[in-house]
Amino acid sequence: MSKNKLNLVLPPVNTEATVAAATVAPTPPFKTPSGTDTHSLLGKPKTSIDALTETLEGLDMGDTERKRIKMFLSQKEKIGELSDEDLEKLGELGSGNGGVVMKVRHTHTHLIMARKLIHLEVKPAIKKQILRELKVLHECNFPHIVGFYGAFYSDGEISICMEYMDGGSLDLILKRAGRIPESILGRITLAVLKGLSYLRDNHAIIHRDVKPSNILVNSSGEIKICDFGVSGQLIDSMANSFVGTRSYMSPERLQGTHYSVQSDIWSLGLSLVEMAIGMYPIPPPNTATLESIFADNAEESGQPTDEPRAMAIFELLDYIVNEPPPKLEHKIFSTEFKDFVDICLKKQPDERADLKTLLSHPWIRKAELEEVDISGWVCKTMDLPPSTPKRNTSPN
C-alpha cells in the first residue's frame with residue numbers, strides 16, 4: 001500500500017471485522033409474514049424471539065437491564081418486515097460517516113426509531129452481502145449496545161433502523177454542556193468498556209469507531225454505543241467518508257499496521273479528554289485556554305475564545321502519530337482519572353491498557369460505587385422531561 005509523505009495511510013479494509021462477521025454463528029433466516037425470503041432483515045425469524053431472550057440469562061446484567069432488553073425484543077417481534085412505506089419521517093437527528101440519521105415512527109406500531117440512511121452506489125451482489133453481514137446485529141443484545149430493529153435497501157440507500165435514544169449522542173450533549181463532569185464520564189466510561197467487552201467476547205467484534213458521536217444516552221439514564229463495524233463490506237464501501245473518524249484513530253491504524261481492540265482503547269481515551277475539557281485535544285490547548293475553560297463563569301461563557309488553530313487533516317494525523325499524546329493536566333481532575341487516560345493513550349498498543357485492566361482500574365471501581373444520576377443530568381442538559389429525581393448532577 002502506498003503512503004503519503006507523512007507516512008500515513010487511509011484506513012485499510014477491515015479484514016478483522018469481516019472475519020469476525022463471518023465467524024459469528026449466523027442469525028436464522030428472516031422471513032416475511034407469508035414465509036418468503038426478503039432483503040429486509042426484520043421479518044420474524046424461524047426461531048422465536050425466545051431464543052434471543054434465553055441468551056440474556058448468561059450475560060452480566062441487572063434484573064432491570066434484562067427486563068428492558070426483553071421488552072425491546074418483544075416490541076421488535078411485533079414490527080414485522082420493515083419497509084420505507086412504513087416509516088414516517090419526524091425529523092433529522094444528525095449526520096456523519098456517509099449517512100444521515102432520521103427520527104421516524106413505525107406507522108403500524110407507533111414505535112419511534114432512529115433510521116440511518118447510507119447512500120451507496122454498489123452492485124447488487126455487494127448490496128446483498130452488506131445486508132447479510134448486518135444480520136449479526138440481531139444477535140447483539142446487551143444493556144450498553146443500541147438495539148437493532150432491522151435493515152433494508154431502498155432507492156439506492158441502505159436503511160439501518162435502531163433504538164431511539166432521546167438524549168442523543170455525546171457530541172451533541174457536549175455542545176450544549178460545554179464539558180462533561182468527571183463523575184458523569186466515569187459512568188459513561190464504565191458503560192463503554194462493558195459494551196466493548198461484550199462485542200469482543202461474545203461476537204469477536206472490534207468497534208473501530210469509538211468517539212463521542214457514537215455514544216448515546218437517554219432520559220432513563222441508559223448509555224449505549226452504536227455504529228460498530230459488523231459489516232466489512234459496508235466499511236469498505238464507505239472507506240472515503242471517514243474523515244471525521246480518522247481524528248480519533250490510534251497511531252497504529254493511521255500507519256496502516258495491524259490493529260486490535262487496543263485501537264478502540266486509544267479512541268476512548270482521546271474521547272474522554274475531549275469531553276472532559278470541552279474541545280478536541282489535538283493540538284493540546286495552552287494554559288491560558290485551559291484556565292478559561294475552568295473559570296468560574298465557564299458554564300455561562302461556553303467555549304473558550306482562544307482555541308488552538310485548526311489543523312489540516314494530514315497535519316493532524318501526522319501529529320497523532322509523531323507527537324506526544326494528550327493528557328489531563330488541570331488540577332480539577334482526580335489523580336485516578338488522569339492515570340486512566342494516560343494508560344489509554346500510550347502510543348504503542350502493547351503498552352496500552354487492555355479492557356480487563358481498565359475495568360478493574362481504581363477510577364472505574366469508584367464510578368461503579370458512586371451514586372450518579374445520569375438520567376437527571378441528561379434531562380437537565382437536554383431540556384427533557386425528568387424521569388427520576390435529580391441528584392449529584394453538578395458539573396464538578
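Cβ coordinates are placed from backbone N, Cα and C, and glycine is handled just like the others.
Per Swiss-Prot, the annotated phosphoserine among residues SER154, SER220, SER237 corresponds to SER237. Swiss-Prot marks one residue of SER213, SER219, SER241 with the annotation phosphoserine, and that residue is SER241. Residues near SER95 (ATP binding site) in space but far in sequence (CB under 8 A, at least 6 apart, same chain), listed by position: VAL101. For LEU93 (ATP binding site), the same-chain residues lying six or more positions away in sequence with a CB closer than 8 A to its CB are VAL101, MET102, LYS103, ALA114, GLY168. Following the DSSP three-state reduction, the secondary structure of GLY99 (ATP binding site) is strand. Summarising the environment of ASP209 (active site, proton acceptor), the number of other Cβ atoms within 10 Å of its Cβ, over all protein chains shown, is 23. Secondary structure at ASP209 (active site, proton acceptor), taken from DSSP and collapsed to helix, strand or coil, is coil.
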